[in-house]
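**Student:** According to TrEMBL, the protein carries these features:
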TRANSMEM  A:20-40  transmembrane segment
TRANSMEM  A:52-71  transmembrane segment
TRANSMEM  A:77-105  transmembrane segment
TRANSMEM  A:117-137  transmembrane segment
TRANSMEM  A:173-191  transmembrane segment
TRANSMEM  A:212-231  transmembrane segment
TRANSMEM  A:237-254  transmembrane segment
TRANSMEM  A:284-305  transmembrane segment
TRANSMEM  A:317-337  transmembrane segment
Amino acid sequence: MAGTSDIKELLTRNLRTSGIYIAFVFIIVLFTILTGGQLLSPGNLTNLVLQYSYILILAIGMVLIIVAGHIDLSVGSVVALTGAVAAVVVIGNGMPWWMGVLAALGTGVLVGLWQGFWVAYVGIPAFIVTLAGMLIFRGLTMQVLGNVSLSPFPREYQYISGGFLNGLLGGDGYDAFTLFLAAALVVVFGIQEYRGRLAKLKYKQQVEAFPLFWVKIAAVALVVMAFAWQLAHSRGLPVVLILLAALVLIYGFISQRTIFGRHIYAMGGNLQAAKLSGVKTRRVNMWLFVHMGLLSAIAGIVYSARSNSAQPGAGNMFELDAIAAAFIGGAAVTGGVGKVHGAIIGGLIMAVMSNGMQIMGIDQSTQSVVRGVVLLIAVAFDVWNKKRSQGGA
Amino acid sequence: MTENILEMRSITKRFPGVVALKDVSLSVDEGEIHAICGENGAGKSTLMKVLSGVEPAGSYEGEIHFRGRPVSFADINDSEAEGIVIIHQELALVPHLSIAENIFLGNEQARGGVISWHETNARAAELMARVGLHEKPVTPVGQLGVGKQQLVEIAKALSKNVTLLILDEPTAALNDDDSEHLLGLIRTLRDESGVTSIIISHKLGEIAAVADATTVIRDGSTIETIDMRVPAEERHTLVPRIIRGMVGRDIDSLYPERSAEIGEEILRIEDWHVGHPTQAGRTVVDGASLSVRAGEVVGIAGLMGAGRTELAMSVFGRSYGRDISGRAHVHGKEVQLRTVADAIDAGIAYVSEDRKQYGLNLIQDIRTNVTASGLKKILNGFWLNGNEEIAVAERYRSSLNIKTPTVMATVGKLSGGNQQKVVLSKWLYTEPDLLILDEPTRGVDVGAKFEIYTIINELAEAGKAIIVISSELPEVMGLADRIYTLSAGRITGEVAAQDATQEHLMELMTMERE
């Protein structure tokens, strides 16, 4: 199978994955024009990252849950509960900020164990378990908070979502450190890709033509550097962006390159066959929900840090945004298909649309309609694409 | 009398990347039973899709003439309007609806939009009498066996005034009695109503008995059309001729020779009891004991419902049944196989009879399916080595001759024989000492069957122990060194292959509890 492929083959081979990137670029271009360039301004890009980070964190876990053939309706309530626990520990009891973080993470893990137990060991559909969880954890949030908001968090805690790395390497009007980090990232990416290419060639697999390889690297470098350039001209590198990037990398690898990840896909593709292949389905489900609980807790910390308070109504409807992100990003309703980076792109499409419409001054009601229509179109495209590829059987 | 009713001329159908049909021609005479034979993936189903309009006119090259007129069908409704009805292998019936409702589904007997139940049931009863289905029209289809469901499909076709009936593997899921009845019915429809039939089947004996003509397709091309109406003394030449056409070579012996050395005992189970998973108190396997040695192929022969699959799956990490008792010894040591993972670790592999349901992740590629049970072996520290994984899949692709352009191809798109090879690859990659093969050649064509038999022999020669479960007695006798017979959950006999006759085995398989 050694050989090279050209760009047309690269795009058409997997329309499902490439389609989402094309849609993403299209939406960015569209809203850049509609907002007169404001969308990509340094201030707004920074804002976009801060404003949607917690939805993206939730989407990472949600796509894995959906791939396994489940759904999680409780994440919004878990965001509220974990934020509330952190607030009670830090604000209510005056303990240090990191105690609050640990308490929130612990709560997330407990929530995951609870829901995983019912799904994996009792065999109740995740839809029901997490619907119950949505009510239970919302109620617990109100009890923990005594039905009032708690604020403000100390500076260190706020730093998690509002902090910036700026001026570490100096720079005149722009942050050199951000640019340096982005450049380092591009170099590491290039080296990794090149090594991957060599390994593929060693195993006599198909790789893209050499010029195309460089075009790909150059395109990634251009996008990353342009993004970093804009950030550097605003407030520097947001701490939450580093957190988000780390989570995407870690969970991307877990899903694609570990046995646990493979087992998630195997279960979603054919549960019976997975069981008979030696997959310990209960254990995988349990761990899956623990991961979701942990990610919900991280989102809860980021959200409470950003709003600088814990409120009984926090995180309402977050689950729907996370689910929508996963489906727009190419996850299949029937399970077995979906990628972490797809969900991130799906979430970013929603974020860019919301943000763009806000800048344009479009009211909430219209925004809601537009987002609903986009979700529908995305899944319709997926269904159409599946039919198209099955027709070739 | 022998006007042709259907003529397909130079049909060429391309899918992205493959030519499924190359210049295929098919001529069917009015009032004949015409069989189409070919290996899985040869293009039979595609040809029928072209004929019935599932692949619409314009998506292929060539012409179709039906009753002397050129036709072009945009969809299946167009072909049904001409009286062409196709009955698929997977029956398209709604289990909760009655026989009558199913017969008239999409064609409801209604006056002014209101269904006339009286007319529906009365007309259904007429049609049911024609196909020899003795049931009440109001009986839900889900309560019928597969054989009777097949008859409902034919009644449904008759309700549409069928002139050309296409049956895709009609007897694949039927027992001998039901098959006989079905084939008799097709003959009766031909003789009394002049219905022309096209039958796609892998059962060559059946084709020899029923078909008036047979067209053989190989690799998307017509090889030949054989006139089956030959004198009795030439009949025995028909099946070998069809096989030759299908595989492009002679199969001297369907069961290749094996020279394996039989070594130490790999698995022994004693006094094995298995209870039904949902019906308390019902015993599915009752005190079974058996053993298998390295290099040995052991057959388990039993009729449907004898507990063959249940026995195998209960041994394979208790994946079937409850209240399992008995002792299992692997390499002479008593073991507890509580989970599938335990069984795999003990060196046991189980290849299910139903690969789509229990064997494969159909939406994933070949690569992922091959490594599904052996992921630990491509682990590089904490991460999976994706390149090594592809290399592994490539190795099995070439050693088992899986026909695919790439190991990144989706498994759901492969033919039955190739899917079976993917399942085999998956289990071979776990390097088992014992392979339990449950109906390893079900839904697999003649050529691939031979390949699978060869693989089984090679495995035995490499020192693996093999258990073959099959409902085809010639297969068990052709493959096994030793045969256990199973009847109503009990082992009723153990026969050396060279002493076995079909009659004797059948006697043991139908032995009732004394």
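Glycine is treated like the rest: Cβ placed from N, Cα and C.
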**Student:** Taking the transmembrane segment (A:77-105) as the first stretch and the transmembrane segment (A:173-191) as the second, find out whether 3 or more Cβ pairs fall under 8 Å, excluding pairs closer than 6 in sequence.
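**Tutor:** Answer no: the transmembrane segment (A:77-105) and the transmembrane segment (A:173-191) share fewer than 3 Cβ pairs below 8 Å.
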**Student:** Cβ under 8 Å to the transmembrane segment (A:117-137), counting only same-chain residues 6 or more beyond its ends: which ones?
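**Tutor:** Hits for the transmembrane segment (A:117-137): 65, 70-74, 76-78, 80-81, 111, 281-283, 285-286, 289, 319.
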**Student:** Most CB pairs under 8 Å with the transmembrane segment (A:52-71): which of A:173-191, A:212-231, A:237-254, A:284-305, A:317-337?
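**Tutor:** Looking only at A:173-191, A:212-231, A:237-254, A:284-305, A:317-337, the most contacts with the transmembrane segment (A:52-71) come from A:317-337.
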**Student:** Do any residues of this chain, six or more beyond the ends of the transmembrane segment (A:173-191), have a C-beta under 8 angstroms from a C-beta of it, and if so which?
**Tutor:** 165-167, 217, 220-221, 224-225, 227-229, 231-233, 236-237
**Student:** Below 8 angstroms Cβ to Cβ, which residues of this chain, lying six or more residues outside the transmembrane segment (A:317-337), approach it?
**Tutor:** 16-17, 20, 54-56, 58-59, 61-63, 66-76, 79, 134, 265, 267-270, 299, 343-347, 349-350, 371, 374-375, 378-379, 382, 386
**Student:** Looking only at residues six or more beyond either end of the transmembrane segment (A:237-254), which have a C-beta under 8 A from one in the stretch?
**Tutor:** 46, 49-50, 53, 56-57, 60-61, 64, 159-161, 163-166, 175, 177-178, 181, 228, 231, 260-261, 291, 295, 298, 302, 339-341, 344
